[in-house]
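Report on the following structure.
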Amino acid sequence: MGTDIEKAAALLREGALVAIPTETVYGLAANALNEAAVVKIYQAKQRPQFNPLILHVADAAQLDALNLSLPAAATRLYEQFSPGPLTYVIPSSSKIPGIITAGTPAVAVRIPQHPLTLRLLKTLDFPLAAPSANPSGRVSPTTAAHVAEQLGDKVAYILDGGPCRIGVESTIISFLEDQPRLLRYGGVAVEAIEKLIGPVARPEKGYVDNPVAPGQLARHYATRHPLQLGNAATLIREALRSDPIPRIASISLNSIFPELPDAYQFRLSASGSLEEAASRLFAAMRLADDMDIDLIIADRFPEEGLGLAINDRLQRAANS
Ligand code: TXA
Ligand code: MG
């Protein structure tokens, strides 16, 4: 673990796996154009190979070199939100290996906004494939220590860029149809996207659960303890009526539940900021999971802005 960009670059050139910081979550990176290196990502995460990977580049010029281009609506978003927590699904090109796209004609691309990783990407003459650096199905890492805990023995180096500023993964928008389609709620609020390019098709449920979109799995972000999502005050009251009485940890924006000891309550933002709450969500899920409890009860967040991404992650944890 460290901040040595040259070391990270040398290892990636050799085909090794390196964990990289981004503003959303840590990524598990490999040379996207080296299939043997990309195979190591799937092995390390135990990720099913039908689940494609996001291609990370430093800027639009690196996309040109890969014969990829952003459609007009994506370009408008790029000008405002890239580098940043937004991923574009666009038609792929013959330069992109099938293992990146899971054999589909589309590729997901993103320009992450983290100074270390942007410098790394500018140093390299290939793009990086990088899923979140967690075992498949588990909570994503927002610090270098989280990566070390879960995948420490599987990566050659962890580039430590400090805690992730945004804390939930990128918003994913597909530009394959006439109308842009939201595939994952994330770090850029969908309202801000629609302000620039008009209505985007959204998933029918509150969360993404569409088996035809590869990898948008309904079960994900699993905690070891069961997690319930809903009106936390009601859920806590109901749970405390069972026998034996369960030990409960709560996750909420800033609610106080008098039935629970204060040390078991995770309030993600005293001021009620959904951005701050998102940045603290995954760390709180890990801390709650490490406690001697039976159940995590999460309060549904407001259905707007980053609250939509928070509810999406909590709902998928609850489904797991
Ligand atoms: O914030 C992020 O996006 C982080 C950081 C590391 O950049 N990456 C990330 O990767 O969250 P991952 O693999 O954990 O999630 C990427 C999602 C998956 O659900 C995958 O199925 C979807 O993006 N995806 C990737 N390529 C796709 C494609 N060609 N078409 C549709 N979905 C795609
Ligand atoms: Mg992931």
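Using the three backbone atoms N, Cα and C, a Cβ is placed for every residue, glycine included.
Nobody curates TrEMBL annotations by hand; they come from automatic prediction.
Among Thr24, Thr75, Thr143, the residue that TrEMBL places alongside His56, Arg110, Ala130, Ser170 at the L-threonine binding site is Thr24. Tyr221 is the residue from Tyr88, Tyr221 that TrEMBL records in the ATP site together with Arg47, Asn51, Ser132, Ser140, Arg184. Those same-chain residues not listed among Thr24, His56, Arg110, Ala130, Ser170 yet with C-beta within 8 angstroms of the centroid of the L-threonine site C-beta atoms are Thr22, Gly27, Ile54, Pro85, Thr87, Pro112, Glu169.
The binding-site residues near Thr24 (L-threonine binding site), taking a 10 angstroms Cα-Cα threshold over the set Arg47, Asn51, Ser132, Arg184, Tyr221, are Ser132.
With a cut-off of 6 Å between Cβ and the nearest atom of ligand 2, the binding-site residues Thr24, Arg47, Arg110, Ala130, Ser132, Tyr221 reduce to Ser132. The Cβ of Arg184 (ATP binding site) has 23 other Cβ atoms within 10 Å, all protein chains considered. Reported as a whole number, the C-alpha separation between Ser140 (ATP binding site) and Ala130 (L-threonine binding site) equals 12 Å. With a CB cut-off of under 6 A applied against ligand 1, the binding-site residues Thr24, Ser132, Ser140, Tyr221 are reduced to Thr24, Ser132.
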